[in-house]
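Remarks on the structure that follows.
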Amino acid sequence: MSLDIVILAAGQGTRMRSALPKVLHPVAGNSMLGHVIHSARQLQPQGIHVVIGHGAELVRERLAADDLNFVMQDKQLGTGHAVAQALPALTADTVLVLYGDVPLIEVETLQRLLAKANDQQLGLLTVTLDDPTGYGRIVRDEQGKVTAIVEHKDANDAQKAIKEGNTGILALPAARLADWMGRLSNNNAQGEYYLTDVIAMAVADGLVVATEQPHDAMEVQGANDRRQLSELERHYQLREGRRLMAQGVTLRDPARFDVRGEVSVGRDVLIDINVILEGKVVIEDDVQIGPNCVIKNTTLRKGAVVKANSHLEGAVMGEGSDAGPFARLRPGSVLDAKAHVGNFVELKNAHLGEGAKAGHLTYLGDAEIGARTNIGAGTITCNYDGANKFKTVMGEDVFIGSNNSLVAPVEIKAGATTAAGSTITQAVEAGDLAVARARQRNISGWKRPEKIKKS
């Protein structure tokens with residue numbers, strides 16, 4: 001069975017009170033539409049067709065990709081009208097209709113729905129709610145077969161009492177779709193062309209409407225305002241927390257933990273409160289992450305420890321290495337096994353060899369640091385001349401004294417030592433001691449200046 005997916009993303013979202021198109025509002029660091037597209041791709045369709053309208057150019061700009069076909073809906077005349085705009089591009093056997101503001105839909109739910117769709121049967125995703133206000137109601141006959149969907153504004157009192165609501169997500173036989181679209185009418189309270197009207201048409205044409213439901217009603221929850229958006233965010237985070245805990249992660253408090261990307265984890269991982277994981281994060285076995293950390297596009301090898309209030313981006317921490325508290329590892333930072341980065345240390349494009357240490361109050365940029373080298377407090381690499389970046393290289397077993405300025409390009413070879421307070425501008429040979437500071441001079445009998453008293 002070949003598959004085309006149509007994603008409806010043309011709505012304005014006036015209740016968001018925003019210049020940003022509704023479908024671009026983020027959930028967990030990705031736009032709502034981005035989440036839907038991600039789920040759609042996992043179904044491996046032959047085409048993904050995104051119907052856009054309000055803010056169309058911005059939506060195209062943010063989400064442009066070779067596998068997406070953007071279809072313009074100039075006037076928002078209803079869901080049926082939106083799907084009709086994509087008709088010329090649909091060539092598969094089955095068409096799945098999704099919504100750009102329903103970001104939590106699970107791929108497994110969609111797979112179950114698609115399994116019920118064929119040339120003689122529609123797949124319709126419904127949801128049973130205690131309060132289905134706003135949802136179209138699923139009307140069934142005495143045998144329990146679906147006969148129609150009635151929109152809330154068009155429903156009578158008996159129909160409004162029905163608890164089963166329409167999610168709008170359905171799988172249709174493509175061969176029938178053009179005929180049904182041509183028969184749609186806007187004779188309703190909204191004056192719109194409802195996609196849901198194809199259900200009654202399908203029944204009249206002798207097709208069966210097979211229903212499926214999500215395991216969790218939040219899967220089909222949309223966001224029309226910022227309160228609903230925040231509810232989606234919190235539900236997504238709790239869902240991700242449950243997923244990670246099932247894989248062997250201890251979360252001190254799943255309600256105070258955020259995932260904003262793709263996270264893979266090992267076993268016996270400990271994550272404290274207020275940790276944010278962004279982008280692609282790999283966490284191996286026995287890793288510990290302290291409170292209030294932000295970790296983005298980073299790999300943490302087995303047994304690595306990230307202490308409180310640290311910020312890591314584009315970094316790799318080797319096995320048994322540690323960073324923090326208050327450490328900042330910027331893109332290109334690599335710590336080999338058992339390397340140590342302490343409090344108020346910043347690394348950028350720096351590689352610390354096995355067992356190397358930078359304990360505190362240090363900036364290391366564009367640096368290659370050998371195994372077991374020790375960097376004294378207050379040391380900085382002077383790597384930028386206002387136009388170009390230069391590299392600092394330190395061999396193995398180097399000892400850098402406190403409060404050093406290492407003016408790149410410069411090399412300090414294996415086993416060398418630099419004295420505290422030095423400004424190193426030239427190469428230091430292996431095993432040498434470099435002293436690059438003014439000699440101390442004491443002035444006897446010196447008196448401090450006195451403040452002039454105001455008259």
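Backbone N, Cα and C atoms are what each Cβ position is placed from, and that goes for glycine too.
Some features that Swiss-Prot has for this protein:
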- HIS360: active site, proton acceptor (ACT_SITE)
- 8-11, LYS22, GLN73, 78-79, 99-101, GLY136, GLU151, ASN166, ASN224, ARG330, LYS348, TYR363, ASN374: UDP-N-acetyl-alpha-D-glucosamine binding site (BINDING)
- ASP101, ASN224: Mg(2+) binding site (BINDING)
- ALA377, ASN383, TYR384, SER402, ALA420, ARG437: acetyl-CoA binding site (BINDING)
- 1-226: region 'Pyrophosphorylase' (REGION)
- 227-247: region 'Linker' (REGION)
- 248-455: region 'N-acetyltransferase' (REGION)
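Projection of Swiss-Prot feature records onto the structure.
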{"residue": "LEU8", "record": "UDP-N-acetyl-alpha-D-glucosamine binding site", "Cβ neighbours (10 Å)": "28"}
{"residue": "GLY11", "record": "UDP-N-acetyl-alpha-D-glucosamine binding site", "Cβ neighbours (10 Å)": "24"}
{"residue": "GLY78", "record": "UDP-N-acetyl-alpha-D-glucosamine binding site", "Cβ neighbours (10 Å)": "21"}
{"residue": "GLY100", "record": "UDP-N-acetyl-alpha-D-glucosamine binding site", "Cβ neighbours (10 Å)": "27"}
{"residue": "ASP101", "record": "Mg(2+) binding site", "Cβ neighbours (10 Å)": "26"}
{"residue": "ASN224", "record": "Mg(2+) binding site", "Cβ neighbours (10 Å)": "15"}
{"residue": "ARG330", "record": "UDP-N-acetyl-alpha-D-glucosamine binding site", "Cβ neighbours (10 Å)": "16"}
{"residue": "ALA377", "record": "acetyl-CoA binding site", "Cβ neighbours (10 Å)": "18"}
{"residue": "SER402", "record": "acetyl-CoA binding site", "Cβ neighbours (10 Å)": "18"}
{"residue": "ARG437", "record": "acetyl-CoA binding site", "Cβ neighbours (10 Å)": "15"}
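Counting only same-chain residues at least 6 apart in sequence, those with a Cβ under 8 Å from the Cβ of ASN383 (acetyl-CoA binding site) are GLY365, ASP366, ALA367, LYS389, PHE390, LYS391, THR392, ALA408.
Cα to Cα, GLU151 (UDP-N-acetyl-alpha-D-glucosamine binding site) and HIS360 (active site, proton acceptor) are separated by 64 Å. In space, HIS360 is the closest of the recorded positions LEU8, GLY78, ASP101, ASN224, HIS360 to SER402 (acetyl-CoA binding site), judged by Cα positions. Counting other Cβ atoms within 10 Å of each Cβ, the lowest count among the recorded positions GLU151, HIS360, ASN374, TYR384, ALA420 belongs to TYR384. In terms of Cα distance, the recorded positions that sit within 10 Å of ALA377 (acetyl-CoA binding site) are HIS360, chosen from GLY11, GLY78, ASP101, HIS360. DSSP assigns SER402 (acetyl-CoA binding site) to coil in the three-state reduction, outside any helix or strand.
Cα separation, GLY11 (UDP-N-acetyl-alpha-D-glucosamine binding site) to ASP101 (Mg(2+) binding site), rounded: 9 Å.
Secondary structure of the region 'Linker' (227-247) per DSSP, as helix, strand and coil residue counts: 20 helix, 0 strand, 1 coil. Residues ALA377, ASN383, TYR384, SER402, ALA420, ARG437 are recorded as binding acetyl-CoA; their most distant pair of Cα atoms lies 22 Å apart. For the region 'Pyrophosphorylase' (1-226), the model's pLDDT averages out at 95.
Nearest to ASP101 (Mg(2+) binding site) in space, judged by Cα atoms and limited to the binding-site residues LEU8, GLY78, ASN374, ALA420, is LEU8.
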